[in-house]
Amino acid sequence: MSSEKIREVGEGSSSSGGVINTIAPPLNNHHQSSSLLAPTPASTPQLSRYESQKRRDWNTFGQYLKNQRPPVSLPQCNYNHVLDFLRYLDQFGKTKVHLHGCLFFGQPEPPGPCTCPLRQAWGSLDALIGRLRAAYEENGGLQETNPFASGAIRVYLREVRDSQAKARGIPYKKKKKKKRPNLQIKASNNNDGATSANFQLQSTT
């Protein structure tokens with residue numbers, strides 16, 4: 001895939017409120033940063049909160065790739081770059097994850113402070129990957145080569161989820177799927193010999 005097919009983006013960062021907090025390094029090119037900060041036209045429709053957050057996340061990831069040595073273009077990006085990006089974000093985390101050997105390991109409400117590190121919460125990382133997976137394809141990437149949809153990313157997120165649940169003493173509860181109504185048709189004969197259909201809705205288990 002050529003670099004023209006995937007639109008590369010510049011500076012950006014995520015905001016607070018249940019989402020990833022990052023601090024993207026400033027761009028070196030003054031002209032490019034000025035163009036990115038230019039006011040948007042009044043005719044541009046206001047984005048939803050989700051779309052705005054997705055754009056900031058996409059910009060942050062693009063800036064992260066550009067800051068690598070050597071810089072990595074989006075067509076060259078693979079799941080290893082995504083994994084490195086998720087680990088990089090841990091320095092901005094606000095969730096205390098107790099280490100093995102800590103007196104508070106496995107306690108949901110520790111009675112005192114400890115020196116265990118802060119990490120990005122699993123739920124925040126999971127939501128971030130969902131937004132970036134969508135943004136990749138919206139910016140010209142192919143679904144077949146989407147690094148955010150890689151099985152290695154799913155394995156990593158599952159490991160983070162399980163380890164944080166054990167360390168914090170908060171078991172992960174999988175959401176139950178809602179029961180879907182199942183339409184069943186029962187045929188019955190009328191007195192005049194005609195057949196009628198009775199429709200019944202039953203919930204599937």
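Backbone N, Cα and C define each Cβ position, glycine as well.
What TrEMBL records for 1-10 is compositional bias 'Basic and acidic residues'. Annotated region 'Disordered' per TrEMBL: 1-53, 167-205, in sequence order. Annotated compositional bias 'Polar residues' per TrEMBL: 29-50, 185-205, in sequence order. Taken from TrEMBL, the feature domain 'ALOG' covers 49-176. The compositional bias 'Basic residues' annotation in TrEMBL covers 171-181.
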*When the domain 'ALOG' (49-176) is classified with DSSP, how many of its residues are helical, how many are strand and how many are coil?*
76 helix, 4 strand, 48 coil
*asked:* Give the mean pLDDT for the domain 'ALOG' (49-176) on the 0 to 100 scale.
replied: 92
